[in-house]
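Notes to accompany the following structure.
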Amino acid sequence: MSASALWIALGMLVLSTARSSEAARRLTTNPSRFANSTLVRLADYLLTGYKRGVRPVRDWRTPTTVSIDLMIYAILSVDEKNQVLTTYIWYRQQWKDEFLVWDPKDFDDVKQISILTNNLWVPDILINEFVDVGKSPDIPYVYVGNDGEVRNYKPIQVVTACSLDIYNFPFDVQNCSLTFTSWLHTIKDINISLLRSPEEVMFDKSVFMNQGEWELLHILSAYSAFSIDGNDHYAEMKFSVVIRRRPLFYTVSLLLPSIFLMVMDIVGFFLPPDSGERVSFKITLLLGYSVFLIIVSDTLPATAIGTPLIGVYFVVCMALLVISLTETILIVRLVHKQDLQPHVPEWVKYLVLERATVLFCIRNKHKFGPLHPKEVDVTQYKENNINSDKLNFLCCENPKHREKPMGMALPLRENTPVVDSILHEISFIRQYLEKRDEYRDIAKEWLQVGYVLDVLLFRVYLVAVLAYSITLGTLWSVWQYAE
């Protein structure tokens, strides 16, 4: 019984194995498993015995020519501090694979097929300026034509090093290169060519997103061959991407506030030079400009090798504000505290009040007259006092007055100290008035000198500001429209 049972179990095992094999064979040969059996047969035909690690040429002396092309889709970022340009490009490359050729008549007139990139030989074309791996989508397939032409199209986020010149910021034009070359193969193995003509590549902006900070001007392409050791030569295709910054945002947020503050500083010169409000006004402007520079410091690009011209512009504007404040302080000091100052020297009067006013057509507002009338008045006052004394003396010597009783003269003698005191007070008042008039004359002289110097320095300051502004405006206008 045990032997018969063993034989029965063995027979059932063999029968089940045979049925499983038959089912597997039917499943494998069943044409309804695949939606397009022609593509499967074609893929098996092309990949059977294919060596993806060997360059696909029948004659090893024949170089593989890789035709490349790119289109700029977007300028993602320009890092001036780290000298890095991040772009998003549509990259295309084509080459001829001599082992991927078939007759379309044998495969239902199929002329192209998509195959996994990992199953094929792919040229080691890369960008020399790569500094980081971008976040590019993975495109696993390539198109293969019946004549062996392989088309590898994919988008790439390119993070490359670029020598950025920020001196003309915010009217700068940058020229960054993308150099495609084979890292290992020489020109005898892999050569590079353009897929389109250079003119088509240069002015192609069909896919560029033209709404960002940067504007694409053109793309220049150039082919060259170089050698490292003088023996092996390598082919490279260099694309020069020329972009220009749109300056409107920086003009509104940086240049216009600075221009407004400088205009207010110039308007401050129209305040009277003997007014202390001008000093406080200019100090307020200087503090406001300092706060403005602190706010915009993060907006300006910074590098270790250069400073943009707009940074120099801000520094010079700050220096002009300091000079303006210094000039105002000197003028205010000149026209105040005249009691501590002597008369204006004659050479200052000649140079400032006579020569400068005529040379620069400065109107003389505070003309001061000579002091002779006052001296005449004082002289006449003294003569009148002397004549009065003489008259009193003569009256006392007159015999008619002698005949008067003594009582009539005693009050006059008794009031003599009072009269002397009154005359002393009058003399003191007269000296005070004369001194005050002298100080007023000195004040008028220095005020006139201060007025002329203020107008003169204002014109020099205005010419300096205008020349500086016109020079920078001309440079920025030329840079803005330069391509």
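Positions of Cβ are set from backbone N, Cα and C atoms, glycine also.
Those TrEMBL annotations? Automatic predictions, nothing curated.
Listed features, source TrEMBL:
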- 1-23: signal peptide (SIGNAL)
- 41-247: domain 'Neurotransmitter-gated ion-channel ligand-binding' (DOMAIN)
- 248-271: transmembrane segment (TRANSMEM)
- 254-471: domain 'Neurotransmitter-gated ion-channel transmembrane' (DOMAIN)
- 283-304: transmembrane segment (TRANSMEM)
- 310-332: transmembrane segment (TRANSMEM)
- 456-479: transmembrane segment (TRANSMEM)
Quiz prompt | Dominant neighbour of the transmembrane segment (456-479) in 248-271, 283-304, 310-332, by Cβ pairs under 8 Å | solution = 310-332
Self-check item: Long-range Cβ neighbours of the transmembrane segment (248-271) (under 8 Å; 6 or more residues past either end)
Solution: 169-170, 213, 277-278, 281-282, 285, 288-289, 292, 296, 299-300, 310, 313-314, 317, 320-321, 324, 328, 454, 458, 461-462, 465, 469
Quiz item: Can you name the far-off residues of the same chain, 6+ from the ends of the transmembrane segment (310-332), with a Cβ under 8 Å from a Cβ of it?
Solution: 169-170, 250, 254-255, 258, 261-262, 265, 268-269, 273-276, 278-279, 282-283, 285-286, 289-290, 293, 296, 300, 450, 453-454, 457, 461, 464-465, 468, 472
